[in-house]
Structures are given as C-alpha cells and as structure tokens.
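TrEMBL has this to say about the protein:
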type    : residues : note
DOMAIN  : A:33-337 : domain 'Aminotransferase class V'
MOD_RES : A:K198   : N6-(pyridoxal phosphate)lysine
BINDING : A:R347   : substrate binding site
2 protein chains.
Amino acid sequence: MKIKSFHPPQRVLMGPGPSDVSPRVLAAMARPTIGHLDPKFVELMDEMKSLLKYAFQTQNELTMPVSAPGSAGMETCFVNLVEPGDKVVVCQNGVFGGRMQENVERCGGIAVMVQDDWGRAVDPQKLEDALKANPDAKVVAFVHAETSTGALSDAQALVEVAHRHGCLTIVDAITSLGGSPVMVDAWDIDAIYSGTQKCLSCTPGLSPVSFSPRAQEKIRNRKSKVQSWFMDLNLVMGYWGGATKRAYHHTAPINALYGLHEALVMLQEEELENAWARHQRNHLALRAGLEAMGLDFVVPENERLPQLNAISVPQGVDEAAVRALLLSDYQLEIGAGLGAMAGKVWRIGLMGHASNPRNVRLCLGALDDVLGRMQAPITRGVAVDAANLHLAA
Amino acid sequence: MKIKSFHPPQRVLMGPGPSDVSPRVLAAMARPTIGHLDPKFVELMDEMKSLLKYAFQTQNELTMPVSAPGSAGMETCFVNLVEPGDKVVVCQNGVFGGRMQENVERCGGIAVMVQDDWGRAVDPQKLEDALKANPDAKVVAFVHAETSTGALSDAQALVEVAHRHGCLTIVDAITSLGGSPVMVDAWDIDAIYSGTQKCLSCTPGLSPVSFSPRAQEKIRNRKSKVQSWFMDLNLVMGYWGGATKRAYHHTAPINALYGLHEALVMLQEEELENAWARHQRNHLALRAGLEAMGLDFVVPENERLPQLNAISVPQGVDEAAVRALLLSDYQLEIGAGLGAMAGKVWRIGLMGHASNPRNVRLCLGALDDVLGRMQAPITRGVAVDAANLHLAA
C-alpha cells in the first residue's frame, strides 16, 4: 500500500461550489483543536450564533450551523417540520426542488409538486393556485437560488402567498446566502438552510439554519418524535441553545467551525450590502464578456443569480472536453450541467471569495482560448475587453 | 457587534474526545480546497477507502467516511439496516447503548434491551438468552468500546452469538478504532461505525463506516426507502462507490477529508499493531500512577479500554472544580462523567496522538498538584514515579 500525504493542486473554483476559500479561513481551520464543551469553545458558539443572525438578517434564537453539509441542513428542516401525513407544496424549478420532494416523502408527508420551467424563477401565481386546490397543505417549500440553473426566485412574494394560506415555509438559500439579499425576518421565512461552500467563502461541511418562533412552536408541538436522532432540533438545541449549561448531544466539528467563524467575521467586516454589490458587479462584468463572445445565458436577465451563471454550450462543442482543458491548462474549475441540464450548460460560479475581477478576467480569457482551440462559434478576443469596461466603471 | 477572529488556547486534550490532533493533520486541513468531483479528489477518495479498509481490517467495498460526526455514522447504520417492524436486540452497558435504542425506535423498529452494569463489558450469555427469547430478532447492536465508562466488550464473541441466531450485527467502534484491535473481517462484523476524533488523532466531524456484503444485500433488498435521504447508502454509494463515474450526491467536506486522509496515512506509517501497543503501554503507565495515588478504576482490569480510563472521584472532592483547575492551570482537559455517571467519575483519555509518555506524566503530575490543593485523600508525590517505572521498561 504505502499511500502518501495528499497535496492538492491549487485550483481556481468557479463552479457551483465549493468556491475559492479565503486563506484566512484555511488558516483558522488549522488552529489547535479544543473540546466541544470547553468554555472557550462555548464563547465561539455564542459568537457564531450572532454572526449567523447577521448573515441571515434575523433575530431567531434558533440559528446555528448543522454539523454536516447543506443536504443535511435541508433534511433537518424537513424532518423537524413535516410529520407523517402532512401535505407539503413543493415548488420545483430545478434539481433541488426534486430533492425536497424526496425529503417530504421520506418523512411520510405528501408532496404536492408545482412545476416551473428549469431556468426560470418560481411563479407565485402557480403556488397560489396550488394552495387554493390544497387547502389542507401545511408547509410550502421552495428554492430561493437554484444551484442547478442559476435562477433566483422572489422569496418574499412566495412566503407571503404561503402565509396567506396558513402554511409554514421552508426555503433553500444554499447558494444565495452572502451573495444576494436573504432577509429572514423581513420576509418572514419560517425555516431556512444554507451551505458554507458557496458565497460564504468557507469549506464545505456545515449547513447554517434558522427557524422562526412559529417553526419552533410547531417543532415543540409535534405529535411524533423527529425520525432522525442526529437532526432532532429538540436535542440539538440542548447544545446550541441559549441555556447556561450546554448538554452534550454530538461532538461538534470543532475545526470546521473555526473556519465558518472566520468566514463570517470576514462577511461582517465587508458588510452584507457590500458583499451583495460585489457579487452583482462581478456578475455584470462576466456577463458583458460572455455576451460579447456570443454565449447565451439560460436564465432571463431579471431572474438571474449574480453568483451562478448558467450558459448554454455552443452547438457542436464537447462540453466535458472544454472543462477538462480549463482544468489542465488554467487550473480553473467550472461546473457541468446537472439533471435535465447535463451536457447542455456550463455553470460558472462567482461566489464569495471567488467573486473578484481577477477571476472574471481569468475565466473569460481561458474560455476564449479553449473555445477557440475547439473552433467553437464564438467571437474571439473581445471578452476581457468587454469585462474591463464594466470593471473600470 | 464587531466580533474578532477566534484564536483558541493550546489545550492538551485528555478527555473522551476530541483528543489531541497531530500538527500534520491540522496542516493538511489548511491545504487549498478543490472540487468534490475534481479528478485529483477522486484519487484521494480511492486512497481514503484503502486506508480505511486497513484501519478496519476489512475487504468490504462499502467502506468510507460519512460526512458528519460519529452520531450520524451510528444513524447511517440503523436507518439503512432497520426497517419498520424489525426487532433489534440492543446490548446496553452505558450511555451509547441508550442512543442505539433511540435510533432503533426512530426507524420504526422494536428495540429489545439487554442491560449490563455500567462499567462492565457486555455479557455474551445475556445476549444468547435474549436471542433465544426473541427468535424473530433481525439485528443485534452493541458498543465495542463504551466511551461513557471505558469498558471494552468482546466483539468477536457477541457477533458469533448474533450470527448463530441469524442476526446481522451493528457495532459501535467510535472509541476503539486505531486504539484497540478492531477486526471487521476476522470477527465477521456486518456494520460498524467510528469517529475521527478519538484514536485516529483527527478533528471531529467525520464517521468512518464499513458494511459487509451481507449488510449490503439487506440494504439492496429493503422493502421501504431509507428514511434519511442524506444517509441513504444506495445514494451515497453512487458517489463513494467503485464505479468509474461518480455521481453527485452531496458536497463532501473536502478539507475535513484531507485531515482524515493524513491521519490515516500516519496510522499506516506507524502500523496498527504498533498503535495498539502504544495505547496499551501508556495506559499501563497511567494506571500505575493513578493506583499509586490511591485512585480507583471504574472498570475491572480485564475489561478496560487502554484509551479511556474512567476513575472514581474521591470522597468529598468537587469533581468540576478539579477539572476547572486542570484546565486553567495546566491547559489540560479531562472528561466528566456522562449520564448515570455524571459527578461520580473522571474520564481520562489517552487516544491517538494524545497517547504519549509526556501526557501520562503531565496528567499525573497535574492531578497530584490539584487534588493535593483540594485536600483529597490521595497519596501524594508517587504518581509520576510509578508511571516512570512503566515508561522506562
């Protein structure tokens, strides 16, 4: 055998996540491990809650990171809020709405699917119609920022419709948090989950979540136990809750939490509004370059996520070969299509630490080179110029 | 607000875990993040599987780390192997057998509890009697190394009894893996889970698991879907499995996996047998010192885990005050009692990187000082001498 230490290459991560991680976050993760009940670690936990409340723009006491990746954050929301027999309206406009359906059904709930085209925002009118047809629905779930297509939905409008029909709301903010406005209290969201490896510039492995007092009440008054011991918020809160004495639930991933803490300190230093503006600015520059080349976006302009740019693969181009060349010749990772969009699109991320002018230029220049080598039908030599006009403004 | 970067103190971790993490592991975690589908990361995954097979002493193809702490590894075993209505015999001799019961019941299974005294090994005869009384039982679950008491059970004997009665076996090896022999194939274990933060010298947050072909067959032939999407091995295996093309399931915790890879490389360098011998040697030295002071072990000598030493708190001593002084004056963490043993015992870990002669001497000297200050009824000034005799041998 004799396997050696692993030394990863230095990539530029412009896919759908993980995105580039700040060196400050990596350095934080390498600090000495302390115990999960150490008084100094309890201080970190309190700060973490404050920092996450700021990121989510909420006063929810039940705001914390789940000790596992975003998929587990999603499942934490569903297993706690959905009881067997509960009807849940799920708005689907991409891959992750389908995963929500899986979650509902595995909790013994009944999923009522509302379908929108992939690459479009969720239509509030369709949700309204579905809720009129299903007056016994208890929960509405939708994806704020569809990572599979780059579509941004109007979370505030969707939550308003759900509440008018007496439903709680579960919102997927994996790709939006830190990159686009996410206003948990102002939009009155009941349960929300995110990931650390997108616009928070952190490594993957944790899932920030937040629950409104209304959601907490539902959890407290459940008729059945939460089916997952690991994700049961009644238990998790004994450790993360505001109590003076913290009860052991599971062993927290200490060093991963150091990293998230540092990422959130950086977000606080930059300030949310500035982070959102930065994501928008770099998106516009990238867009200008892509459009100058003649590449088309999948999502209509007013429904686009600035941090995730899905573009159509030009006719006759081997999309996997392009990604392989970008990786080998530029150490640059962009994403492939997912689900129904596999083979048809690329997903270019400008998330968190990776959303910067250097990456915009690098990506455009690299695409120009590689697509040119593959004789793709694009306009060459104009992409970076077009981006520069935006970056200079 | 203005929360600053977090700089943890440099502790010596001699509790029940997390234990001291090797600087090599911390350095690995700070290496640049790459994508979870990057060809270089796929190489790391293949190496990880080989390294875990070595650690578990198994040829099981379904051997990998769950992307969450040990509690999620436990739940992964139960949600995949227990279907609603299945009867599961759970042997309990401490806190973690109780958690197994919770898991069985939340899967819709029927838990038949076999109780042994806390601080003692599980009695194979009691298991035999329970299986005779419950011929319809399908699974037997027990804890190999009870982290709450420091008792080591005879896993091979228990598995043999279970198989004789046609049951699959789920084994908790959180605290044993890397510190005491764990022979998955030789002992014919069907499902096993561990943690990274004990004898593997890694940070907490991942849970290595392994499943025998027999367990895999049961999972493939389930009548119902696994209730957890995140932990469904049918899905997880699309990513971790041996297939040439890896399907996205969830985003793996890249940097945490760098750390585990490095920890397992170190275990391979030291070799398992040497790691087991080191844990035993340091345990004997610590034991000599503790006994010379007059402190008593909770577990009888032939049932003791070398890596977790539970000792009774002397009469009249404020156990929490002792731990607080060890932390403030020596930066030394030892563990409190858990569950029924809270307030009555200390748990002194000598796990992984933390199992070394310096730590043995440090802990004994510190206890001698702090217990002396509290006028505990111990023999002073003899502990380190007694340990030295063992360490010099």
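Cβ from N, Cα, C; glycine included.
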Rounded Cα separation (Å) that holds between the residue listed as 'substrate binding site' and A:K198 (N6-(pyridoxal phosphate)lysine): 13
Surrounding CB atoms that lie within 10 Å of the CB of the residue listed as 'substrate binding site', all protein chains: 23
Sequence-distant neighbours of A:K198 (N6-(pyridoxal phosphate)lysine) in its chain (C-beta under 8 A, six or more apart): A:G17, A:P18, A:S19, A:T147, A:I174, A:T175, A:L177, A:G178, A:G179, A:Q307, A:G349, A:M351, A:G352
Three-state secondary structure, the residue listed as 'substrate binding site' (per DSSP): strand
For the domain 'Aminotransferase class V' (A:33-337), the mean pLDDT of the predicted model: 96
